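Below is one structure, written out as structure tokens; the observations come after it.
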Amino acid sequence: MSGGTRTPALMFQGTGSDVGKSLLVAGFCRLFTRRGLRVRPFKPQNMSNNAAVTPDGGEIGRAQALQARACGIATSRHMNPVLLKPQTDVGAQVVVQGTVLANAGARDYFRLKPSLLPKVLESYAALAAEADLVLVEGAGSAAEVNLRAADIANMGFAEAADLPVVLVGDIDRGGVLAQIVGTHALLPAAERARVVGYLVNKFRGDPSLFTPALDIIGGHTGWPSLGVLPWFARAADLPAEDAMALDQRRDGPAGGEGRVKVAVLRLSRIANFDDFDPLAAEPEVALTWVQPGRAIPGDADVVILPGSKATLADLAFLRAQGWDVDLAAHLRRGGRVIGICAGYQMLGRVVRDPEGIEGPPGEAAGLGLLDVETVMRGPKTLREAAGTEVGSGLAVAGYEMHMGKTAGPDRDRPWLHLGDGPDGAVSADGRVRGCYLHGLFAADAFRRAVLGLDGAPVAYEAGVDAALDALADHLEAHADLPALERAAGL
């Protein structure tokens with residue numbers, strides 16, 4: 001690696017998906033920001049249906065939005081120049097520098113990737129020009145050598161930008177020695193030399209018992225350990241990005257007297273599921289993710305239909321689980337139903353996609369719980385928004401990210417009033433409501449009023465910042481910071 005005058009930087013690559021790269025980068029962003037550095041997060045390519053809106057109307061992965069928050073700065077479309085939003089098992093919407101470029105199948109995207117590298121490097125240069133330190137996150141595994149020819153996410157980008165690499169392994173899932181040594185075995189010599197060391201993440205137990213393993217890894221790879229990081233319990237207080245995290249995510253407190261039971265449907269193409277993190281943070285809320293094949297709990301007070309990247313496909317998926325029948329029974333028992341974005345669209349009488357924006361052209365009857373209908377058409381709405389709940393006047397804030405327009409009689413009873421007009425709809429009896437605004441439950445007073453909570457208030461946003469500070473403290477205590485600083489060029 002050349003010395004030159006490049007901006008100090010480190011790239012964190014994983015031995016696989018969900019090893020903790022996103023949260024580690026967020027923690028290091030907060031740590032070095034607290035030391036007075038201008039830190040910028042960057043991820044060349046991300047695959048996620050959890051996206052954030054930038055102030056100028058672009059979209060990036062929500063992990064990079066959390067990392068920007070850790071730095072105390074606004075998001076930028078340059079922080080994640082290539083975002084892939086899966087719509088089917090073999091296809092995704094391709095977002096480049098915040099703007100939708102195309103829908104592409106896996107093979108089409110593989111052919112497209114080389115043409116995206118200049119945009120990725122352009123975005124990296126824009127961030128590096130304003131930073132004292134850039135912290136870069138890879139995607140998936142560093143050793144996906146079968147895809148190396150067109151790689152822009154891991155070593156392909158590290159070589160193009162001439163970056164040092166820290167490898168992250170996850171001991172919690174087992175086999176961390178094989179993860180790290182196997183990665184070394186698969187990488188060519190030039191890429192091995194780019195790795196400055198490794199972090200063992202999510203360790204439980206007595207770290208002294210792991211010392212022999214460090215010697216074994218070092219003997220096979222020559223790479224030094226940069227830290228054995230104990231399990232960070234407060235990771236559950238921070239937004240997760242990968243939908244696979246929903247399979248491991250804790251539910252809220254166990255049900256009991258005075259608890260409000262909220263059930264969220266785990267749709268197959270679920271998007272922006274961190275909308276419901278503020279609900280899980282409430283001690284009075286028992287939050288349940290209803291997994292495919294399971295019935296909606298009969299004792300739920302509120303059932304929520306979340307966002308989706310493929311509304312028609314997930315509407316069919318919902319019916320295949322029998323959840324439409326469960327929802328009807330839930331309402332007969334006096335329960336309430338809330339739909340957010342695609343969930344709001346599904347609550348209407350019909351959803352039409354004549355142009356095939358989210359999949360094959362077609363239409364389907366909605367659940368008929370709101371007297372509205374939706375037609376999928378552009379342009380895509382991408383904006384930050386704030387306003388109030390109609391009736392209560394309680395403040396809400398968040399973002400819109402959707403295709404389609406919704407109209408119908410129940411729109412005459414909007415749920416919210418945002419800066420430029422009404423949003424959403426409410427049924428005549430008030431028990432079914434929906435809107436396009438993501439993030440609205442982060443508003444503490446609004447959240448508690450909607451759910452009828454009466455205990456001690458929870459300051460959700462303050463809790464996220466406290467968890468980021470705790471994560472920075474955790475890394476400061478357990479990572480080899482002097483070695484990381486030297487590797488970055490600080």
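Note that Cβ sites are derived from N, Cα and C of the backbone, with glycine treated the same way.
Taken straight from TrEMBL:
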{"type": "DOMAIN", "residues": "10-242", "note": "domain 'CobQ/CobB/MinD/ParA nucleotide binding'"}
{"type": "DOMAIN", "residues": "261-445", "note": "domain 'CobB/CobQ-like glutamine amidotransferase'"}
{"type": "ACT_SITE", "residues": "C341", "note": "active site, nucleophile"}
{"type": "ACT_SITE", "residues": "H438", "note": "active site"}
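For H438 (active site), the count of additional Cβ atoms within 10 Å of its Cβ stands at 26 [all protein chains shown]. For the domain 'CobQ/CobB/MinD/ParA nucleotide binding' (10-242), the model's pLDDT averages out at 95.
Classification of the residue listed as 'active site' by DSSP places it within a strand.
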